[in-house]
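Here's the structure, in structure tokens; my notes come after.
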Amino acid sequence: MVRASIVYTLLVLGFLSLFIFSKKDPRRHGLGRRLIVRSTLASKANVSHHESVAFDPVVARLEWLRENRDWERDHFQELYKSWNETGATHDGQHHAQGHEEQPSHWDGHEGDEDDYLNDEHQFNISHRLELLFPLLDTDPRDNVVSLGELQDWHVQQARKLSKQRTDREFELRDRNKDGLVSLLDYLPHLSAEALVNASTDHGEPGWWKEHFDMADANGDGFLNHTEFNDFLHPEDSRNPKLHHWLRREQIRESDHDKDGKLSLDEFDHVYDVLRYYGEDLSHLHQGHDVTDRRDKFKELDRNMDGFLTEDELEPIMGKLHPGESFYARQQAEYLVQQADENKDGVLTLHEMLEHPYVFYSTAFTPQDSHEEYQDHDEFR
């Protein structure tokens, strides 16, 4: 009887083992591609590396919620101090404005899930592209999306994200809620004494004061919301003082002999940046590099005195300090290059539907991946 019981037990264990080990990895088959919400805060911190904006506002919204969570975590002490000062509480607990549960993947709860999910309960890219196409095709409405229309779309998305970040930072720094931010509000670890005769080297207190003063358009010693946005994003500002400051900073960065202008030798770094950020120098060959650098220098040296001044750098500042329009153009060119099947320079809805993941490359992982889901972005 005992022997029969043992045999029965072994048979049961055998069937269970066969059942367990024969089950396929659900990520290997049938899942398709899963929408991943990247955290954009880390890439934002890397100032030398510009992030691409999400193509779809729905994805952008989810990314913003996750970024906001990460930002609140990183600024917890400052937020807690601000909440104590303002007495902002909710049910006995402190909360930042707009604090919500921050998803790291698509969970179908951003609005009516029927608007975004297909029959397999996956993010419905095709439906989203069909909805977005008429929003892209605006100038003119001709049933195709041009490079310019794509660029305008990405500029709009980038400016929206930029404004959200400015609003969040302004609310944190404007502790007394008077609609103004001082330099010491922005850099509370500094004292007024530290700003007197301070070094103007990049990142030093004097450098921050110069930057702040250039953004202070009305010269009252404070930044209102518009001025604060210019302070955070000088390359996209319409403030001529800030653009002049950027040109001066560019000179200072390479001006080794501190004479306030650039010689041909000091121009080397500027020239390298031009090549990296898209100056049309693709026709150049390595053997001609010295000659081509000299030719570019002469082109900029309008008074032909052998030096470049701040004003003479103006024609190339859009490449040395790119704004959102520059990056939007790059992003638009990439999308057209990848999805334009007949190479006519514009995109039809059919072409977009045939290449859907090109437009959502910031939000999807490779199909059938055995690795943990990772954020990836071909634009970076």
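The backbone N, Cα and C atoms fix where each Cβ goes, glycine too.
As annotated by TrEMBL, compositional bias 'Basic and acidic residues' applies to 91-109.
Remote same-chain partners of the domain 'EF-hand' (203-238), defined as residues 6 or more beyond its termini with a Cβ less than 8 Å from a stretch Cβ, comprise 159, 162-163, 165-167, 169-170, 173, 179-183, 186-187, 190, 194-195, 197, 244-246, 321-324. Among the features that TrEMBL reports, domain 'EF-hand' is placed at 203-238 (among others).
TrEMBL lists 288-323 (among others) with the feature domain 'EF-hand'. For the domain 'EF-hand' (288-323), same-chain residues at least 6 beyond its ends with a Cβ under 8 Å from one of its own Cβ atoms are 50, 233-236, 243-244, 246-248, 250-251, 260-264, 267-268, 270-271, 273-274, 277-279, 281.
Mean pLDDT for the domain 'EF-hand' (327-362) in this predicted model: 94. As annotated by TrEMBL, domain 'EF-hand' applies to 327-362 (among others).
According to TrEMBL, the region 'Disordered' annotation covers 87-113.
Taken from TrEMBL, the feature transmembrane segment applies to 6-22.
For the domain 'EF-hand' (203-238), residue counts in helix, strand and coil come to 22 helix, 1 strand, 13 coil, using DSSP.
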